[in-house]
């Protein structure tokens, strides 16, 4: 089975960012990877959770949701105490990934709220969320720049981007779309910094297993993809890029 | 206090629709009224609720939500059984308004799911939701047209649109934006058909009261606004307009 | 279809109030409109919600419920996070209606808790709730009269009463009972002050629409009904009536 | 400390029943024991819970609640998944007590829903609930009498009544009111049949303990109280009394 | 029907305690009565509930749960706001029983958290919980002994133990196991102090009733059982026994 | 900082299994890795979830919980709709890991319920859960062996075991205990088959990042650890080992 739209196995889907997508949140980015579309907003709250009060340190937390119309079959909203375990898992991943590149001590007593809401889902919504959330985070930090003693560069230790890789029909492929993800034997999400270090590696056999050689080929494919995504983030941020 | 952006009291904000905003739901419309932005999707489900099974009749239901980044202060998501009473009230209004112009008997055993998710909130999100949901509904019906014995025209008895009016600084005004809504003494939402009949009149004194004369002036202002909105719906739908 | 019990279209059901129905709450009124029976209590709490602490201002909030045995088919209690949207909508209406005639600044840092619990439901439970809650509110204010700097007259700007009107079989009717409400094409709830001003107009087409002429006839019918209800409130309160 | 209102230690509070208190539920009894007031309704549902479907046997279940205005300090409603452990415990007791005198096999595939809602609470609400629920149960059975093969007498094996006893200031007392209950060292609820058998004995030391002699004196006091309550039930039911 | 394992009617099942079963909680006891196995832990928290703050007094609270694999048919976990009424009732009983022998004034501002989690259920889990919780409580108090002004002896007024008794096949029996409990006509739980006083008597006819003579025989049987259980508690605690 | 108890960096903690720990569930294993203690039970249900009914295929699902006394600071139970995101994430991991080695088609229409309840937590509870759950799964399959057309060997494609590795003080270490886990810069959980294939790799920088070389060293360390754990599983299962 060749890839949809004649993509090469190591080719990303078209990736785009619309910054300042709305006027209400200080960071607000619409990220698209192929048809997958996520609205990433970042709000700054001048309070911190109870366990951090008085420690002079900030916090970053993330939430993830899918709009009901984002999938081909309508996705019911969480209601009345029901929990969507997949969403819980994803939002914890997004939060950890961004905290890994943020110097919370340099943030002051503030909470950064990342919200990633999926407008259209075609595979790779969690990785697009992380990639877009970094851009929204930078824009949100611009809005409080004057209150950061060490500036934005003091808060951000590195950039962060994410991508999925997987083995479909025995072939390692980069940036799976939904029909590939559904059929993949192995599915891996990579979260890496702009300087090429790992933050998170999550490789899962879907009722299947994989060898060390397969693991290595996926890591190589993903690492190359992250490099391209980092370039795209840098391009959209232009002068706002804090890591020059 | 003059209106923001030098609007006349009887002037609507710029109104626009982007149809087929996403590819996942059969009806998917991004409606904008000034800065207020709502994504209205309409999905078609081949099941009906239990109380209608076997009656050969359809159903239409609506849900409404605000994305966390849609307001200047981040709006927390509903979680763990907590209920947002305002959202409940609004989604019931949206559902009733659309059911008033739908012939459920001509729909067959199907459920139309309307979802209105606020991307940016600047006043009038419930009325923009209704106005946009009608356009999404028409597009969704196109996707099942061949299965409707009486066609789309048999399902839709009329079009529906909504607008807010209110008394601010003693002046009746059309289509309030947030800063006006916040200061209004009286706030009224009108839902009307394209043929000029009322579906819903909800006029509320906000810790205030109003006279019959004030009520009449608001009804006149709103009726004129609805006419313009109906024209805009007709323009965006073009040949898909089912009521010619 | 003539009205049940040979009522005239503009005739209220027999309306009665039992004040001090229980000894536990300072305001406690059993209101009956025909068979519809609601227990309205008003408690005074010496705290205010967080958003008002330290502002020297009071608050009023309302809750509404139906006892399981109040309807012909037993009504299940809310449990485990399930939400009854209709109850949410009604309790918000009751709260707004009473706040419209209360001067919260003259109340001091107190919360007035209105509870309306339906003992028997035969149509018009939300309007009976508002009508009865005003009487309970007056009695509750008596219990803290000595602590109100401007007295009860300083707290109450006006009285409030409510009634339903509707179009049944093409005929505008006042104070619908359940079998009429069920068959009505248009259903309107009016909340007005004793001095004849509007607080809330909620007119809904039930899978139907209505003309401006029909709207006007309903407003006239309701306004006349409110006048009679206000007289009944005044009669039951006697010397406790605070608005002479 | 003498008893309030100069009651003798072995004297019940004035006990009254209003049958057919509302018209909506087939059994509907307002029971009063002194100031304690409970509305007991009994509805008949033609379905049984899943575990009984197809077994030709009926079920009886009970729910208990307190209206917010029933206590001197307003009692918050259960919401959003919060649980009132005391209510859960009481409604399980009411259900067990009534099932003990009902022949579920003779009921057919029906569910009897008992609802006990406290209008005013002055001690002994759970025992008044059981006592009143029996009367409501008899009235509800009258409404389906013609469908019971063995008649009401076949369904009811006995009558049931309940009373509280306790040790206050070292003195065993019958039918405690709130101020006594609050100060009691030992609190016991007795549920017994009209023929003098025990259904439930629940004796609790409140941060205290009690001897066998004290237990015996409480059992004697309660047994005598139940006899009087049974007579009152019989008197209110008159010809409806099914156990002659 | 003779008893399983040829037990005499007045014979306890083999009873054992493993103290310090885990290293994480200061009190941690695995109690076994026949196959019934409960892990009782007691933690000490240096805070008290809001209603006790600043009163110089402590609190004790208990929770009870069953592991999913503890019963022959897997027991679903509580989730999303669903409530297990039986668990609520049992944990309230455990808390009351232990508070009856604890001098909360001598505890200081501390909360003792008792957790009873059923590893295997074969009847009598609530009584085993109470019996084991006392042992865990003593061990937990050892861990804060130096901070108790009046020592452990000042905190504990007495010991506490519990046992079930019931009438099966017309025969009063001590310490029912599951198959007996299931078939019992009367089921009674006794909670008593080491000095032979009652804390709680809960006797329930299971769709049945019982006479005063039967009640007396059950009380005698249970009282003798508690004496043996108290001896076993004393034996396992050895020098830690605080009541010599 | 040397390792606690003078462990070598590549040394596992003492690992033990108690099979048939309780009599109620067909698979019931107490697994210990150092002080970390988890009770893993496996129940067999003769039903499958709705999405699998009629497909002749089985299902396996897992739940994970921590007893309140399992940690040094008491862990509150989930209640009233609150969700513990970490537990959700872990139980999803356990379920996926076991499904990877189970041939669901050979299971017939049955659900295997895995429950992992932590008795004492000292790091590595999720990996101990997976390791122990495999043993419980084998025992549970023995109980339905005669109903499995292809036998246990047809259901199990391989064995599964898990271990944690991490970088502490710059040193890669195997099988972290709590104090190491708390201080680790990188934390990785490996789930592998007995034949040395990967099922899941989850490597997380804890507010930190890691290089490819560090990733490789952790994979090597973990792979060696899994081999030893597989041997221990084989030893405890003896003849029940299904994969010879």
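Positions of Cβ are set from backbone N, Cα and C atoms, glycine also.
Predicted automatically and left uncurated, TrEMBL annotations should be read as such.
Same-site candidate for phosphate binding, as annotated by TrEMBL with C:124, C:125, C:126, chosen from C:77, C:86, C:99: C:86. With a cut-off of 8 Å between CB atoms and residues at least 6 apart in sequence, the same chain places C:64, C:90, C:93, C:94, C:162, C:164, C:189 near residue C:126 (phosphate binding site), listed in sequence order.
For the binding-site residues shown (C:86, C:124, C:125), fewest C-beta neighbours within 10 angstroms: C:86. Within 8 Å of the centroid defined by the CB atoms of C:86, C:124, C:125, C:126, the record's phosphate site, lie the Cβ atoms of C:64, C:90, C:118, C:121, C:123, C:127, C:128, C:129, excluding the listed residues themselves. DSSP assigns residue C:86 (phosphate binding site) to a helix.
Regional average pLDDT for the domain 'Exoribonuclease phosphorolytic' (C:159-224) in the model is 95.
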